[in-house]
Amino acid sequence: MTETSLSSQCFPMSVLNNTIAEPLIFLLMGIPGLKATQYWISIPFCLLYVVAVSGNSMILFVVLCERSLHKPMYYFLSMLSATDLSLSLCTLSTTLGVFWFEAREINLNACIAQMFFLHGFTFMESGVLLAMAFDRFVAICYPLRYTTILTNARIAKIGMSMLIRNVAVMLPVMLFVKRLSFCSSMVLSHSYCYHVDLIQLSCTDNRINSILGLFALLSTTGFDCPCILLSYILIIRSVLSIASSEERRKAFNTCTSHISAVSIFYLPLISLSLVHRYGHSAPPFVHIIMANVFLLIPPVLNPIIYSVKIKQIQKAIIKVLIQKHSKSNHQLFLIRDKAIYE
């Protein structure tokens with residue numbers, strides 16, 4: 001069956017709305033117009049997934065194992081890595097399944113679950129970046145009170161509040177998606193479930209879904225972005241009041257990693273929104289490739305940025321790798337000696 005026939009296939013309402021006995025089945029298109037080359041396109045995507053998963057896992061492992069990194073800044077960094085890791089994994093199975101194995105079918109419940117985690121972790125990343133901006137604000141503007149303001153208990157509360165916020169804004173969106181009826185095309189144009197993509201297939205009024213989706217966006221990234229901007233205005237004002245140019249440079253350098261992380265999250269998001277709004281003349285595969293790449297840019301680049309920019313992370317990674325290598329060699333020597341004496 002061709003992509004055109006799939007997208008035009010009609011399904012009776014009695015069958016489509018029988019979600020309890022037999023959940024609705026949607027078909028993931030992958031990259032429209034590039035079906036013949038999807039296998040080769042998947043290779044760089046797979047490499048990006050490997051880099052994202054291994055890089056963020058390394059950051060989490062290093063922060064967990066190295067006691068010198070048990071500080072507020074690195075706790076927030078581990079939150080960012082955990083979010084990036086989760087964001088990568090929640091689309092990995094369907095994306096590579098579509099590209100490699102033609103596994104295009106996904107039922108409505110699985111689709112809703114994937115959307116919940118996909119959009120939830122995206123909003124979570126925005127919240128973590130805001131928390132990291134607050135960390136930099138306190139470190140530069142109130143250095144003497146840094147450890148008393150950002151205690152372990154307060155950091156845990158910040159992380160929990162971001163999690164609760166995301167669940168609170170995403171749960172109504174998903175519940176109203178569950179109430180939709182679908183009566184025409186069952187083909188999703190991405191390689192994963194995307195909220196806007198799904199509600200456009202509905203044959204019932206989806207205005208409430210659109211409003212809830214917009215509210216979720218504005219109450220998370222729409223709130224976080226201005227707050228991050230405000231924090232850096234206050235940081236710049238504080239840094240410029242420092243008399244020594246060397247101290248000013250050091251203060252700005254402590255923010256470069258976070259500014260880079262904010263840029264690689266918000267700039268692709270803004271670019272993707274502009275392309276969707278104004279790039280109607282662009283081929284459909286351009287939109288889909290951009291959407292897939294956007295999901296992988298922050299998880300791939302964030303570990304690299306923090307590993308390169310922050311010397312403490314570099315030293316901790318090298319230390320952990322050396323210890324692991326030494327432990328492996330020691331075990332090999334023990335095995336060899338045991339074999340000799342036996």
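We number each residue from 1, going along the chain as drawn.
Glycine residues also receive a Cβ, built from the backbone N, Cα and C atoms like all the rest.
According to DSSP, Cys203 (disulfide bond) is assigned to coil rather than to any helix or strand. Residues or ranges marked as disulfide bond in Swiss-Prot: Cys111-Cys203.
According to Swiss-Prot, the N-linked glycosylation site annotation covers Asn17, on the basis of sequence analysis.
The topological domain 'Extracellular' annotation in Swiss-Prot covers 1-39 (among others) and is backed by sequence analysis.
Swiss-Prot lists 61-68 (among others) with the feature topological domain 'Cytoplasmic'. Remark: secondary structure over the topological domain 'Cytoplasmic' (61-68) totals 7 helix, 0 strand, 1 coil, with classes taken from DSSP.
Note: the topological domain 'Extracellular' (90-113) comprises 18 helix, 3 strand, 3 coil (DSSP; helix = H, G, I, strand = E, B). Residues annotated as topological domain 'Extracellular' in Swiss-Prot: 90-113 (among others).
Sequence-distant neighbours of the topological domain 'Cytoplasmic' (135-153) (same chain, 6+ residues past either end, Cβ-Cβ under 8 Å): 72-73, 75-76, 231, 234-235, 238-239, 251, 254-255, 258. According to Swiss-Prot, the feature topological domain 'Cytoplasmic' maps to 135-153 (among others), an assignment based on sequence analysis.
Per Swiss-Prot, topological domain 'Extracellular' is recorded for 175-210 (among others).
Same-chain residues lying 6 or more positions outside the topological domain 'Cytoplasmic' (232-251) and placing a CB less than 8 Å from one of its CB atoms are 133, 136-137, 140-141, 259. Under the heading topological domain 'Cytoplasmic', Swiss-Prot lists 232-251 (among others), citing sequence analysis as support.
Same-chain residues lying 6 or more positions outside the topological domain 'Extracellular' (273-287) and placing a CB less than 8 Å from one of its CB atoms are 31-34, 189. Sequence annotations record features per position, and here Swiss-Prot assigns topological domain 'Extracellular' to 273-287 (among others) based on sequence analysis.
As annotated by Swiss-Prot, topological domain 'Cytoplasmic' applies to 309-342 (among others).
What Swiss-Prot lists as transmembrane segment is 40-60 (among others), and the listing cites sequence analysis. Residues 31, 34, 77-78, 81-82, 84-85, 88-89, 92, 95-96, 99-100, 289, 292, 296, 299-300, 302-304, 306-307, 313, 317 of the same chain sit 6 or more residues outside the transmembrane segment (40-60) yet have a Cβ under 8 Å from a Cβ within it.
Per Swiss-Prot, the feature transmembrane segment maps to 69-89 (among others); the stated evidence is sequence analysis.
Away from its own ends, the transmembrane segment (114-134) comes close to residues 73, 76-77, 79-80, 83-84, 86-87, 90-91, 94, 106, 158-159, 162-163, 165-167, 169-171, 173-174, 177, 192-195, 198, 216, 220-221, 224-225, 227-228, 231-232, 258, 261-262, 265, 295, 298 of its chain (Cβ-Cβ under 8 Å, at least six residues beyond either end). Per Swiss-Prot, transmembrane segment is recorded for 114-134 (among others).
The transmembrane segment annotation in Swiss-Prot covers 154-174 (among others). Within the chain carrying the transmembrane segment (154-174), a Cβ under 8 angstroms from the stretch's Cβ atoms is held by residues 72, 75-76, 79, 112, 115-116, 119-121, 123-124, 127-128, 131, 134, 195, 209, 212-213, 215-216, 219-220, all 6 or more beyond its ends.
Look at Swiss-Prot and you will find 211-231 (among others) tagged as transmembrane segment. Listed by sequence, the residues of this chain that lie at least six past the ends of the transmembrane segment (211-231) yet keep a Cβ under 8 A from its Cβ atoms are 119, 122-123, 126-127, 129-130, 133-134, 136-137, 165-166, 169-170, 172-173, 176, 195-196, 199, 262, 266, 269.
Per Swiss-Prot, transmembrane segment is recorded for 252-272 (among others), and the stated evidence type is sequence analysis. When Cβ-Cβ distances below 8 Å are used as the criterion, the transmembrane segment (252-272) is approached by residues 80, 125-126, 129, 132-133, 136, 139-140, 221, 225, 228, 232, 235, 239, 290-291, 293-294, 297-298, 301-302, 305-306, 309-310 of the same chain, each at least six residues removed from its ends.
If one looks beyond the topological domain 'Cytoplasmic' (61-68) by at least 6 residues along the same chain, the residues whose Cβ comes under 8 Å of a Cβ in the stretch are 74-75, 77-78, 81, 312-313, 316-317, 319-320. Broken down by DSSP into helix, strand and coil, the topological domain 'Cytoplasmic' (135-153) contains 16 helix, 0 strand, 3 coil.
Around Cys203 (disulfide bond), a 10 Å sphere centred on its CB holds 14 further CB atoms from the protein chains shown.
Residue counts for the topological domain 'Cytoplasmic' (232-251) under DSSP (helix as H, G, I; strand as E, B; rest coil) come to 16 helix, 0 strand, 4 coil.
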